[in-house]
Amino acid sequence: MNVQAHMSGQRSGQVPNQGTVPQNNGNSQMQNLVGSNGAATAVTGAGAATGSGTGVRPSRNIVGAMDHDIMKLRQYMQTLVFNMLQQRQPSPADAASKAKYMDVARRLEEGLFKMAVTKEDYMNRSTLESRITSLIKGRQINNYNQRHANSSSVGTMIPTPGLSQTAGNPNLMVTSSVDATIVGNTNITSTALNTGNPLIAGGMHGGNMSNGYQHSSRNFSLGSGGSMTSMGAQRSTAQMIPTPGFVNSVTNNNSGGFSAEPTIVPQSQQQQQRQHTGGQNSHMLSNHMAAGVRPDMQSKPSGAANSSVNGDVGANEKIVDSGSSYTNASKKLQQGNFSLLSFCPDDLISGQHIESTFHISGEGYSTTNPDPFDGAITSAGTGTKAHNINTASFQPVSRVNSSLSHQQQFQQPPNRFQQQPNQIQQQQQQFLNQRKLKQQTPQQHRLISNDGLGKTQVDSDMVTKVKCEPGMENKSQAPQSQASERFQLSQLQNQYQNSGEDCQADAQLLPVESQSDICTSLPQNSQQIQQMMHPQNIGSDSSNSFSNLAVGVKSESSPQGQWPSKSQENTLMSNAISSGKHIQEDFRQRITGMDEAQPNNLTEGSVIGQNHTSTISESHNLQNSIGTTCRYGNVSHDPKFKNQQRWLLFLRHARSCKPPGGRCQDQNCVTVQKLWSHMDNCADPQCLYPRCRHTKALIGHYKNCKDPRCPVCVPVKTYQQQANVRALARLKNESSAVGSVNRSVVSNDSLSANAGAVSGTPRCADTLDNLQPSLKRLKVEQSFQPVVPKTESCKSSIVSTTEADLSQDAERKDHRPLKSETMEVKVEIPDNSVQAGFGIKETKSEPFENVPKPKPVSEPGKHGLSGDSPKQENIKMKKEPGWPKKEPGCPKKEELVESPELTSKSRKPKIKGVSLTELFTPEQVREHIRGLRQWVGQSKAKAEKNQAMENSMSENSCQLCAVEKLTFEPPPIYCTPCGARIKRNAMYYTVGGGETRHYFCIPCYNESRGDTILAEGTSMPKAKLEKKKNDEEIEESWVQCDKCQAWQHQICALFNGRRNDGGQAEYTCPYCYVIDVEQNERKPLLQSAVLGAKDLPRTILSDHIEQRLFKRLKQERTERARVQGTSYDEIPTVESLVVRVVSSVDKKLEVKSRFLEIFREDNFPTEFPYKSKVVLLFQKIEGVEVCLFGMYVQEFGSECSNPNQRRVYLSYLDSVKYFRPDIKSANGEALRTFVYHEILIGYLEYCKLRGFTSCYIWACPPLKGEDYILYCHPEIQKTPKSDKLREWYLAMLRKAAKEGIVAETTNLYDHFFLQTGECRAKVTAARLPYFDGDYWPGAAEDIISQMSQEDDGRKGNKKGILKKPITKRALKASGQSDFSGNASKDLLLMHKLGETIHPMKEDFIMVHLQHSCTHCCTLMVTGNRWVCSQCKDFQLCDGCYEAEQKREDRERHPVNQKDKHNIFPVEIADIPTDTKDRDEILESEFFDTRQAFLSLCQGNHYQYDTLRRAKHSSMMVLYHLHNPTAPAFVTTCNVCHLDIESGLGWRCEVCPDYDVCNACYKKEGCINHPHKLTTHPSLADQNAQNKEARQLRVLQLRKMLDLLVHASQCRSPVCLYPNCRKVKGLFRHGLRCKVRASGGCVLCKKMWYLLQLHARACKESECDVPRCGDLKEHLRRLQQQSDSRRRAAVMEMMRQRAAEVAGTSG
């Protein structure tokens, strides 16, 4: 017998093309299947190999029967088609596109070859284009398989006696009808492997039969993409003659049928009808059912059967996923009639009627018979045991295109299909022994086959009637496959055959449990089975039931998704016989009621609440498919554990069952709901309420169980998780395709109405037998040790192939095969596995925590937003995410996922706003996700790279942004001693932790010669230092949805980890949220639920800036409309802007010591009080208020001494480039520039109105790699150079000058270092305004230090600012005469400082808000301003005017001129006498200093490099602003003296220190307190956020700081100040603690945090609070290092600029 190889669209790594494989079986005419004219019929791909055939026996010769001329001809045609496709493309194709075109060309050529009648037709180039067009439209290719429909019906033909049974006539051999263009994802079409007859001996089993009948070949066809396609008995129709009088069957070529013929047909049954509907495109059913049918079986005499196999795999049109990869959506359903001849082993036939059955090891199949005419919905799955699996174990994943149908199973050496007799006998004996052992089990599970017409249910344990025969098992080899006989339909036309359109249906692959459990199954009633399996088509009246055959149809489109079928155990089926009358009656009923067939609607709720078999899990099937290696042992099948599993699931069902009572089909549901209600309020550990005590114990165990091998908890958790994953995956896939057709589902209520209930048994009971521990893939951020059983090695190969959700149009026009992907997944069951049903939330990774995140193995092909599969760029909606749409009759969401009531009853804190998307409308959510995939802020190359990842999403990818791994920008590290930044990938040393961590660069480490190193005055042993490399990468954290169990990046989900309440907060992903909102199951939260920018306190300053900004924006919009000539309403405007002052605190600036030493005699102030303010601009972008702009200012008021009196310093200003709309204003500048300028002008106007006289701006861009305020800027935003930045400021000042806000603009050098014109002011450093963080104060310290070293005779610093020191002679030459003491130092300082500043003097901008006196240069605020009538720039104050009048005429204005100008007074009015701020103090620990905010952002990775991150970072910044964190001291219970957790205690409203824990409060007689006790506020209570609550928290923080100061000064042992003793106790703890904060001591960390808060706000130079001085010195050092780096960068920039100027001039 021979094997035909039909390959199409082969890809690398798949089964090679196989040529004809001859075998010496006594029939020489069968040695060659392909003749000279028909060789190509065996080759559908032009590149088919010729010498790689595989037969049953490896010793047979391999002969290539391919005609090379035909192959070359076909290759030439492929090239023509390929060139034609390329010419149609507008742009040159890349390598990937060429590969796609070549694949399309290959399939088009195949269609052309099949269509061609003659060689001339095939080669005709004039008609080539029209033929290709018709092929693309899908008519010829789609109907190619129907060419058999007009051929003679083989079902009504019998062999012609006397004719030689040869297949030598090529015209009678039909190539595989699985067409790649129809299948869409066909990787391998029908590769028929001739398995031959294992028993080649003569007689009954060998060679040709003596009666002249052909010994039927057994064809095993491998389906496309790894699926098994059509498989049946081959018989040359040339030897068949029509049988008169028989009704012709309607053949469904795309149905999943089964056809089996006996090897020896008794003469009495020669005329028996053998209808064949195992069409060539039977992707699953006929293949799997045909596989393994033993050739040595005799037909049963009985002519009537009750198990007609449905030609359309029992698929109801409403259930079939017409968008799936194997569905022809344009076709209607096709009925097919079958004649199934069941077999039983010949050595078991003893003349009496024996129930026929067969067992197939390796591949296990079983048939379920709900109805004699509905046909068998079959499911095929691996039944191999551990000893049947080689090292490359196959792992079934219960889905179409899963590992069972993957081609790798069949890429075995030829000897994999061969069995030695001794092995076969051993396996037979082992099988029987195991069957006997199983019979001893107390519970015999059987599957009852019911004909659906009220016939007697027949129990059958068919294993007792089976004797394992050759070919049954493959020990340590791949499953041996034997095919039933299949008819190769010829191309002859037959008037009796009716053609019908086909509808393909996916079949689900279900693994079968190991051999030891092969007999077990659960009882099921007929109504269940009918609901599980609703075949639409009608089988013939002559069919038998098959044992060990089960096929479940998988409907992707319906919400329930999976057909309930036994996925773990080999289900045994009885042979229920019915009469022809009943068959005909049911036939009529089915025809008339076809459209009323009830489709299965299995949801998560119905699985639990009804007596169904289990839904199919993704990965728990692996446990049985690979044997005991990854199983938890037989203990999981203990009835005790099974009952506990059932009870847990039924509890979960009752908890979420809706409505609460009365309508649930299970009578026990209401009872369990009452039990839940009782347990919610029951606190009695010995409660006598029925089931209460034991249920609470079981739930308690379930909550706390961490055992990865627990036989109760792990299966339940696995089932719950995977049910939710599949539910949401189906919902995502439903609407993700370009267009879905024929998607109609029936609600769960209709299913419940027809479902039978088992009285007294929870309906979830039947699901538990299938629950096995599943794979839980751990998502690793850094490194971790996987949690796996010590004695098990559970590494398996999960082979999954993706599904395409094609629309009708996509299926016709582009059928791109999908690559199968093999992933190595290590079985690791984490301790923190999901416990979704009873209030246990999986721990989510927080910042700073490198915790592995479990992420479920999602269903292949259901990744991401559009349910798109890998390698499907052609049908992917790249820009618009797909969304699950509510179909008519779609079950409610709470039936698929956990209801909010469940989570709240299970004590999950219902914290509102844990994700900001909860405030969004569905459209805003969609807009947000669209924005995620735009990658705004990244460079074009990176953005395109990330966008390309959408087309290859995997289960590792984020479901929102479609990218898998995203890492943060590493925060900069600075050396503690020298302040230098440690470069990326450089080595360094570190010690300590948290705020006390110190870093040492290699040079500083090497400079310290001893065994210790000095850091901030503390000596540290070098032995404790840890050497590291600055190459750490931190991955973005993930969060898991509590409903669908899907994972997203926290940033993508706008998830607030601070609200997570220890990982227990309920989180709903955007997908589930949108579904809930659109189904009216929830409403978006009010905007007030999460406080935003508008909820921040308003101040006079913020109102002033906002009002001015909005007014000017209206004017600008009007101007734009005028310029563009359009109406005002048509002009885009700026929306949703919010300006707020987030910090306004009093500070003191201490004068540096060396500078103060010079001017101490002049009574120079030792410190300058000022107010530090932070102004932020927010704009709502895609529903999120994003911080776009910020500035720090220092206000030195009228109470401050000179030279800082009434001055303002613009300390830092920063922005990010996300402003919307990104357009130009009327004057040509960017609209965002207009807005930022108006904010600055508004602030200057506000300062002028308050009485400030000047503003100082240092136009200094940030260093490369560093930031001022907002951490990590986008790549698209270039850092401006100093000249560009300076011009930006000057443009703003020119606008302000036009409005009269700015009186004069100059620079620091011209105003203070020169005496030009009539200026009479002294040039001294004492006149320079002294600002915190400015350039010159730090530079002055360096210069003074250098001068001191010169005076001491020491060598100056080589890196000094000046190469040549300035001598007194030089000063004398310049006109300076006073060289005494400090005056000399002052002059030298001004000279050196002037030389330093002069090259960049334009960057130090002095803005005069009031007029300055020409003589003394003071800014006038009172009295009169004396103005010259002729000189506009000359004006004097009252004091200088009086002095001017006393001078001689030649010294008066104008100096040295005879004509004197008239000077007249102008009264100075409207300037306040003081600059007192009427705004309240606003404290913010995070915005206290620029460095504090930057550290917050760096430590928590609040980056602004992309809009995606900027939205999340701004959300978190607003959270911190609204929730100032008051330190939480440990509260002690006054009764039991144990610590009270936050929010879990009671406090007296009168007594300050009386607190009681919950346990003591509930105990009777424990509390004897006269005052009222109130509960502690918890995180859940923070939902009701309001401004009063925020003010209260601010007040608490202030009280805490006051308490710290009080405790540090208090000496009373019995102080009555609340919590004073506790703070003192912390002080004492800090003295004796050896662990310290750096070692992780909780108390020390709290104390350290409190001390830092105090030190930042402390203004006392001599403070009694411990470590206050040290902390302030630490902060000063950090600021000094930052200023030094800034100055050094400026000097380097100036040096480069000077070099450039010198180069150009030279």
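Residue numbers in this text run from 1 along the chain shown.
Any Cβ shown, glycine's included, is placed from N, Cα and C.
Given the structure is predicted, the values throughout are model-derived calculations rather than measurements.
Taken from Swiss-Prot as is:
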REGION    1-33  region 'Disordered'
REGION    251-284  region 'Disordered'
COMPBIAS  397-406  compositional bias 'Polar residues'
REGION    397-456  region 'Disordered'
COMPBIAS  407-434  compositional bias 'Low complexity'
REGION    524-543  region 'Disordered'
ZN_FING   637-716  zinc finger
REGION    791-909  region 'Disordered'
COMPBIAS  794-805  compositional bias 'Polar residues'
ZN_FING   998-1075  zinc finger
BINDING   LEU1213, ASP1214, SER1215, ARG1232, THR1233, TRP1288  acetyl-CoA binding site
ZN_FING   1408-1471  zinc finger
BINDING   CYS1413, CYS1416, CYS1437, CYS1440  Zn(2+) 1 binding site
BINDING   CYS1428, CYS1431, HIS1453, HIS1461  Zn(2+) 2 binding site
ZN_FING   1528-1581  zinc finger
BINDING   CYS1533, CYS1536, CYS1557, CYS1560  Zn(2+) 3 binding site
BINDING   CYS1548, CYS1551, HIS1569, HIS1571  Zn(2+) 4 binding site
ZN_FING   1588-1671  zinc finger
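Recorded features from Swiss-Prot, shown on the structure.
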{"residue": "ASP1214", "record": "acetyl-CoA binding site", "CB count, 10 Å": "20"}
{"residue": "SER1215", "record": "acetyl-CoA binding site", "CB count, 10 Å": "23"}
{"residue": "ARG1232", "record": "acetyl-CoA binding site", "CB count, 10 Å": "24"}
{"residue": "CYS1416", "record": "Zn(2+) 1 binding site", "CB count, 10 Å": "18"}
{"residue": "CYS1440", "record": "Zn(2+) 1 binding site", "CB count, 10 Å": "20"}
{"residue": "HIS1453", "record": "Zn(2+) 2 binding site", "CB count, 10 Å": "19"}
{"residue": "CYS1548", "record": "Zn(2+) 4 binding site", "CB count, 10 Å": "17"}
{"residue": "CYS1557", "record": "Zn(2+) 3 binding site", "CB count, 10 Å": "23"}
{"residue": "CYS1560", "record": "Zn(2+) 3 binding site", "CB count, 10 Å": "19"}
{"residue": "HIS1571", "record": "Zn(2+) 4 binding site", "CB count, 10 Å": "11"}
Secondary structure at LEU1213 (acetyl-CoA binding site), reduced by DSSP to three states: strand
Spatially closest candidate among HIS1453, HIS1461, CYS1548, CYS1557, the listed binding-site residues, to CYS1416 (Zn(2+) 1 binding site) (Cα to Cα): HIS1453
Per-residue Cβ crowding (10 Å cut-off), top of binding-site residues CYS1413, CYS1437: CYS1437
Local confidence of the prediction over the zinc finger (1528-1581), expressed as mean pLDDT: 70
Proximal residue to CYS1431 (Zn(2+) 2 binding site) among binding-site residues TRP1288, CYS1413, CYS1440, HIS1569 (C-alpha distance): CYS1413
Long-range Cβ environment of TRP1288 (acetyl-CoA binding site), under 8 Å and at least 6 residues apart: THR1233, ALA1259, PRO1280
Cα proximity to CYS1440 (Zn(2+) 1 binding site), best match among binding-site residues LEU1213, ASP1214, ARG1232, CYS1428, CYS1536: CYS1428
In three-state DSSP terms, the structure that CYS1557 (Zn(2+) 3 binding site) belongs to: strand
Cβ neighbours of HIS1569 (Zn(2+) 4 binding site) where a neighbour is any other Cβ within 10 Å: 15
For HIS1453 (Zn(2+) 2 binding site), the one of LEU1213, ASP1214, ARG1232, CYS1533, CYS1548 that lies nearest, given that the binding-site residues are compared by Cα: LEU1213
Spatially closest candidate among ARG1232, CYS1437, CYS1536, HIS1569, the listed binding-site residues, to CYS1428 (Zn(2+) 2 binding site) (Cα to Cα): CYS1437
Those residues of the chain, 6+ apart, with a Cβ under 8 Å from that of HIS1461 (Zn(2+) 2 binding site): CYS1428, SER1429, GLN1430, CYS1431, PHE1434, HIS1453, PRO1454
CYS1437 (Zn(2+) 1 binding site) to LEU1213 (acetyl-CoA binding site) - Cα separation in whole Å: 34
Listed binding-site residues (LEU1213, THR1233, CYS1428, CYS1431), ranked by Cβ neighbours within 10 Å, top entry: LEU1213
Among CYS1413, CYS1533, CYS1548, HIS1571, which are recorded as binding-site residues, the nearest neighbour of SER1215 (acetyl-CoA binding site) by Cα: CYS1413
Nearest of the binding-site residues (ASP1214, ARG1232, CYS1557, CYS1560) to CYS1548 (Zn(2+) 4 binding site) - Cα to Cα: CYS1557
Minimum Cα separation from CYS1536 (Zn(2+) 3 binding site), reported as the residue among binding-site residues LEU1213, ASP1214, ARG1232, HIS1569, HIS1571 that achieves it: HIS1569
Distance from HIS1571 (Zn(2+) 4 binding site) back to CYS1557 (Zn(2+) 3 binding site), taken between C-alpha atoms, in Å: 16
Site of maximum Cβ density within 10 Å, from binding-site residues CYS1533, CYS1536: CYS1533
Top Cα neighbour of LEU1213 (acetyl-CoA binding site) in the set of binding-site residues CYS1413, CYS1533, CYS1560, HIS1569, HIS1571: CYS1413
Near-site residues: Zn(2+) 2, ref CYS1428, CYS1431, HIS1453, HIS1461, CB cutoff 8 A to centroid: SER1429, GLN1430, PHE1434, PRO1454, ASN1462, ILE1463
Shell list (acetyl-CoA; ref centroid = CB of LEU1213, ASP1214, SER1215, ARG1232, THR1233, TRP1288; cutoff 8 A): PHE1189, TYR1236
